[in-house]
Amino acid sequence: MTLDDSSLQKYGFIKRETLGSINIDPLQTGGLLTEAARQALVEWGDGYSVCDFCGGVLDQIKKPPIHDFVHKALPEFLGCDEARVTNGARESKFAVMHSMGKPGDWIVLDGLAHYSSYVAAERAGLNVKVVPHAGSPEYYLDPEGYGTAIEEVTKESGKPPVLALVTYPDGSYGNIPDAGKIASVCHEYEVPLLLNGAYCVGRMPVSAKEIGADFIVGSGHKSMAASGPVGVLGVSEEYAPIVFRKSVYSKVKEVELLGCTARGATVMTMIASFPEVVKRVRNWDQEVENARWFSARLEDMGFIQRGQKPHSHDLMFFEAPGFYEISQKIKKGRYFLYKELKERNIHGIKSGLTKYFKLSTFGLGKEKLGVVADSFEEILKKYENV
């Protein structure tokens with residue numbers, strides 16, 4: 001490629017096509033920036049903007065107040081002893097896995113774990129034992145399955161796994177497992193537990209200490225109204241010296257964080273949104289009520305919600321026999337739903353999906369959720385004689 005003026009025209013400022021739509025994409029609903037974060041994005045957008053008064057360690061910067069955010073606010077918010085800001089939830093998971101295990105060791109994952117949990121384990125050289133779920137329709141995860149998995153690893157390898165992980169909730173069905181019971185089971189075998197709260201931290205109340213988790217992971221760009229990539233990591237006092245160990249070459253830098261992590265706009269948008277994020281977590285009961293109301297509306301139309309019932313999270317998975325039947329009868333039917341929703345200024349269901357899809361009701365409120373539900377009903381009626 002020749003980098004001449006003509007070829008460079010496709011780059012530069014690019015408008016976002018979906019901006020302003022009613023957004024039901026589970027990846028995006030919890031990451032929409034607050035007004036304060038949008039201002040911070042411009043104010044702190046330069047690469048190393050937060051380093052005007054840096055003494056060499058990101059989380060020790062006091063102006064802006066990154067130190068207080070990381071060492072005072074985040075531990076309280078996450079319910080942990082020590083916390084750090086990272087470049088994302090997957091980076092947080094890898095930091096824990098890499099510091100807790102050695103190549104060839106084992107880790108236990110739930111059957112609904114995100115792909116990045118597997119990849120993080122793979123990158124750390126760990127073997128994976130999976131706790132199976134019960135399958136359709138609820139995909140229930142039995143806490144006792146962790147005990148079985150730990151015993152299997154111990155029998156096969158001669159020693160217990162170095163870590164167990166539970167996804168809370170999972171990113172497919174929005175199920176919230178009994179993490180407290182899982183923690184108890186794991187601790188009976190002296191196996192520490194990592195709570196993957198990428199869809200939890202910043203949306204709903206959660207405390208690592210109350211659950212009994214030794215580690216907690218969150219995603220700023222997925223659930224804390226921050227500009228990504230940015231995440232959080234909370235660690236118990238017992239394991240903090242392991243995960244946050246210092247480099248022998250640069251004595252103030254933490255090895256697993258490669259010294260410093262989220263700099264500039266990422267950490268500052270997270271900080272800017274934090275007051276509102278704390279407040280919205282207190283409104284979680286209303287979010288659950290809205291999700292259940294929306295699910296009931298869709299099920300009245302013939303949709304089938306998979307996963308836990310009654311549901312306790314904004315992320316939901318639906319089977320849509322009505323939409324799928326339409327897609328089989330019309331030209332280019334795979335894409336009809338995406339086009340119909342786009343015409344109604346609704347974004348979030350991926351192009352080509354009609355039989356199964358997931359969505360999120362987070363932050364929309366009853367009025368916008370009503371618009372989405374009404375739109376689904378209108379689309380079904382539009383094609384009922386096809």
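All residue numbers here begin at 1 and follow the chain in the order shown.
Glycine residues also receive a Cβ, built from the backbone N, Cα and C atoms like all the rest.
Annotated features in Swiss-Prot:
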BINDING   A89, R90, N196, S219, G220, H221  pyridoxal 5'-phosphate binding site
MOD_RES   K222  N6-(pyridoxal phosphate)lysine
Site diameter for pyridoxal 5'-phosphate, Å, by largest Cα distance between A89, R90, N196, S219, G220, H221: 15
Pairwise CA distance, N196 (pyridoxal 5'-phosphate binding site) versus the residue listed as 'N6-(pyridoxal phosphate)lysine', rounded so that it is a whole Å: 12
Listed recorded positions (R90, H221, K222), ranked by Cβ neighbours within 10 Å, top entry: K222
Lowest local Cβ density among N196, S219, which the record lists as binding-site residues, within 10 Å: S219
C-alpha spacing of A89 (pyridoxal 5'-phosphate binding site) relative to the residue listed as 'N6-(pyridoxal phosphate)lysine', in angstrom: 9
Lowest local Cβ density (other Cβ within 10 Å) among binding-site residues: A89, G220: A89
